[in-house]
Each structure stands twice: as structure tokens, then as C-alpha cells.
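K.L.:
The active site, charge relay system feature in Swiss-Prot is assigned to Lys74, Ser149; the stated evidence is sequence analysis. Annotation comment: Swiss-Prot describes Ser173 as active site, acyl-ester intermediate, evidence class sequence analysis.
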Amino acid sequence: MHTKTLKELSALLHSKQISATELAQLFLDRIAQSDLNAFLHVDPALTLKEAALADQRLASGDTTVLTGIPIAHKDIFVTRDWRSTAGSKMLENYVSPFDATVVEQFKQAGMVHLGKLNCDEFAMGSSNENSYFGAVKNPWDKAAIPGGSSGGSAAAIAARLTPASTATDTGGSIRQPAALCGVTGIKPTYGSVSRFGMIAFASSLDQGGPIAKTAEDCGLLLNAMTGFDPRDSTSIERDKEDFTRDLNQPLQGLKIGLPREYFGAGLAADVEQAVRAALKEYEKLGATLVDISLPKTELSIPTYYVIAPAEASSNLSRFDGVRYGYRAKDYTDLSDMYRKTRAEGFGEEVKRRILVGAYVLSHGYYDAYYLQAQKIRRLIAQDFQQAFTQCDVIMGPVCPTVAWDLGDKADDPIANYLADIFTLSTSLAGLPGMSIPCGFGQGEKNSKRPVGLQIIGNYFAEAKLLNVAHQYQQATDWHLRQPAE
């Protein structure tokens with residue numbers, strides 16, 4: 001049962017072959033037996049209460065395709081009645097008085113909430129080792145990282161602890177863990193999914209999206225997640241669309257752009273081999289490969305690591321111990337309380353980024369760093385628009401290597417940042433991008449570690465990306481592979 005797709009589970013629920021309560025209990029049992037640290041907060045009583053409501057809806061016929069199906073939320077989305085920690089000591093015991101819009105949308109669809117998923121603190125990280133509550137283990141090899149910041153979301157899908165999960169992507173945090181855990185994830189166009197109730201890291205980059213087993217599953221989840229929200233000032237007003245409408249379109253005549261910058265030095269041989277094999281499969285499906293250039297790719301890391309920390313330093317200034325969250329125990333005056341609360345409440349990586357952000361926004365450095373980074377960001381977006389005059393979608397690796405061992409890069413933040421080289425540009429441009437499993441590379445002691453293929457589209461081309469991914473998944477079985485229990 002735990003290996004079935006959302007469509008298969010929906011058919012079983014609607015034909016009364018299984019109840020929402022039975023399905024929820026099945027996944028709760030799997031979560032209880034897991035040692036991956038993917039979940040931060042599980043409350044079986046709350047889950048089973050929601051499952052009972054879903055069963056009532058199924059009995060009355062007031063349903064959607066998602067009614068009764070379990071889902072778990074990245075602990076960046078606030079949830080009423082559940083702790084919302086953002087993986088930080090600062091919010092260790094925080095319970096939100098309201099649900100994030102995304103959580104609300106899935107409740108309205110009748111989905112059943114299984115629990116909150118582990119992530120890097122305030123979504124800052126590429127390995128899920130920055131969580132105050134401990135690292136998440138990769139289900140394919142427990143010595144390896146799952147990727148970040150949505151490591152819990154990807155690991156939980158790979159280990160079949162939930163059939164659906166929410167995640168967020170600021171610079172690659174949906175695509176990279178999906179790739180390293182061998183599952184499917186999509187970051188939609190910036191502004192497509194409401195950020196209301198999504199704990200902010202970098203507001204001009206943060207975007208919610210789903211992680212699941214298949215492209216079709218992601219499309220069904222995206223149908224519920226997207227839509228205009230007046231409570232989010234960056235939400236885009238567009239008609240609702242069915243992202244699964246074009247899944248079965250043939251790929252004959254599709255032009256796939258291959259950026260030469262994505263296949264150069266630094267790309268591991270086993271990753272390149274898996275990606276090239278996937279591209280050959282696309283040629284068999286009728287697609288044509290086109291050589292393109294994204295010349296500003298190498299500037300994406302310095303650009304991102306100026307803009308994102310600048311926005312984070314502003315967003316995280318609200319966590320000061322006054323209104324909610326952690327407060328230092330011993331202090332002499334208000335300034336001392338601010339200082340100690342933030343020093344004790346934030347982890348090392350978060351403090352590092354706040355310092356960088358405050359520096360690049362400070363008098364005398366704003367023009368030299370922040371303003372320059374925004375100019376480069378615009379040029380990166382222009383590179384993509386130029387590329388899309390030559391091709392329909394862009395493909396390449398998600399990450400230069402397979403998942404590395406836990407602790408390998410823990411003391412080297414720059415090495416972690418470099419792992420995002422292929423995902424940052426898409427985020428800076430606000431484009432949709434996804435990762436699908438396309439093979440395995442070599443880990444330590446000959447372990448198999450997944451490789452992801454990145455597919456990037458033009459603005460609002462999610463249906464096209466899902467079609468391109470689905471056709472590949474119909475021809476291959478990488479997305480069906482799962483780690484040993």
C-alpha cells in the first residue's frame with residue numbers, strides 16, 4: 001500500500017477498499033519504525049481525527065482526488081495545533097494560531113496531515129545538517145546526507161513514510177534533496193504558490209512546491225497548492241489550471257537545451273553518465289538536443305549569497321525574544337536580552353548568513369555588493385530568456401555529485417554552497433524547475449546513491465515540465481526504485 005501513487009490511493013479510497021483512517025494508521029506505523037529523523041513532530045490523535053473527517057467526506061461524496069490521502073509538511077509551513085519550529089531552537093515550542101495558506105489548501109482538498117518534516121534551520125542549508133533537531137539520514141545510505149534544506153520532505157518520500165510532502169525552494173531546496181533521495185520534486189514559477197504562513201528566509205526567492213514519487217503525483221499536488229492569495233503581496237493572479245492536462249502528450253519535436261556550463265569541470269563522472277543516459281532516452285522519445293549557453297552560471301553563487309543573506313538578515317530580525325519564540329534566561333537589560341536570545345537561539349549557519357546580510361546592506365557596501373548582485377540577477381534572467389528562443393526546456397544535472405557523507409562538509413560552508421551551482425540560477429530568475437530520478441552514482445563503500453535530472457522551463461511552463469518528466473517516467477523505472485527497508 002505504501003508504494004502506491006496518489007492516483008492509485010485515491011481509487012482505493014473512493015472505491016472503499018481502504019479507509020482514510022486505515023491508510024493514515026499504516027503510514028503512522030511506518031513513521032514510528034523509522035530511524036531517519038525525517039519527522040520532527042507526529043501527533044497520531046490529531047492525524048486520526050483528520051482521517052475520520054476525510055472518511056465522512058468520502059462517505060458523503062464531497063471529495064477531491066486528494067481526499068483521504070496522507071501528506072506531511074515541511075516545518076517551514078506554520079500549522080495550527082502543531083509545533084512550527086523551522087528547524088530552530090528559536091521556535092522550538094512555537095505553535096501557530098493559524099495555518100499557512102498551503103496547509104489550508106490541502107485541508108480543503110481533504111488530505112490528512114501526518115506530521116511536520118525536518119529541515120535545515122530556517123531553510124538555510126544544502127544537507128539538512130543545520131537542523132537544531134539533528135541531521136536527517138538518506139534512506140538509500142544512512143551514512144549520507146539527504147540534501148537540503150527540504151531533506152526531511154525528500155527522505156520521507158524515498159522511505160515511503162508519506163505518499164506526499166510539501167517543501168520549499170529558495171536556491172534549490174526542493175530539487176537538490178529530491179535528486180539526492182531519488183524522488184520527484186518541482187519548484188513552480190515564483191509567485192505561483194502562496195508564501196503566507198511560510199516562515200520567511202529570502203522573500204524574493206522562497207517558493208513552495210511538492211515532493212512525491214512521480215511527476216503525475218506532483219501535478220496533482222500542484223493543482224491544490226497554486227492560486228492567487230491576497231495575503232501574499234508576491235502572489236500572482238492567474239486562472240487556475242490543471243497541471244496534469246498535458247501529461248500524455250508525445251515529445252516528438254521537443255527541443256532540449258543543454259547548457260555547456262552545466263557539463264564542465266566539477267561535474268562527477270557518474271552523475272554525468274546518468275544524466276547523459278537520460279538524455280539518450282529523451283532522444284528515443286523524439287526530442288532533439290540543442291547546445292546552449294548560460295554564461296552567467298558561475299556568477300549565480302556570489303549573486304545568491306549576497307541577495308539571500310541580505311533578505312534573511314531583515315526577515316530574521318523579528319526573532320528577538322520579545323513576542324514569541326525563545327528568550328534568553330539571564331540578561332541585564334533589553335539590549336542584552338536581544339543579544340543573548342539571538343546568540344543562543346540561532347545556529348551557526350543562520351548567524352553566519354545574518355552577518356553576511358547585515359554587512360552587504362550596510363552603508364558603504366550596499367552599492368558595491370547588494371546593488372551589483374541585483375544587476376547580475378537581471379542578467380541571469382536575460383540569459384534564460386535568450387536560451388528559450390532556441391529550446392523548449394533546459395536539462396542538466398541537479399547537483400555536481402551524489403550525496404556526500406554526513407559530516408563531510410559540515411565545517412566547510414563554501415563546499416556546501418558550491419553544491420548549489422546548477423540550481424541557483426533558476427531560483428534567481430524565478431523560473432520553474434524540477435528534479436526526476438535518472439540513475440545512481442557511487443557512494444562510499446560502493447553504496448548506490450541516486451542521481452537527479454534537472455528540467456527547467458520558462459515562466460508558467462509547469463504543465464510542460466510535468467509532461468516531459470511523465471513521458472520519461474513512462475519509459476523508465478528509476479522513480480519506482482526504493483531503498484531497502
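Glycine residues also receive a Cβ, built from the backbone N, Cα and C atoms like all the rest.
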K.L.:
Out of Ser149, Ser173, which of the active-site residues has the smallest number of neighbouring Cβ atoms within 10 Å?
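P.N.:
Taking Ser149, Ser173 as the active-site residues, the minimal 10 Å Cβ count falls on Ser149.
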K.L.:
Just to verify a number: CA distance, Lys74 (active site, charge relay system) to Ser149 (active site, charge relay system), in angstrom, no decimals.
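P.N.:
Distance (Cα to Cα, whole Å): 10 Å.
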K.L.:
How long is the line from the C-alpha of Ser149 (active site, charge relay system) to the C-alpha of the residue listed as 'active site, acyl-ester intermediate', rounded to the nearest angstrom?
P.N.:
5
K.L.:
Mind giving me a neighbour count for Lys74 (active site, charge relay system)? Other Cβ atoms within 10 Å of its Cβ, every protein chain shown.
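P.N.:
Step by step: centre on the Cβ of Lys74 (active site, charge relay system), count other Cβ atoms within 10 Å, giving 32.
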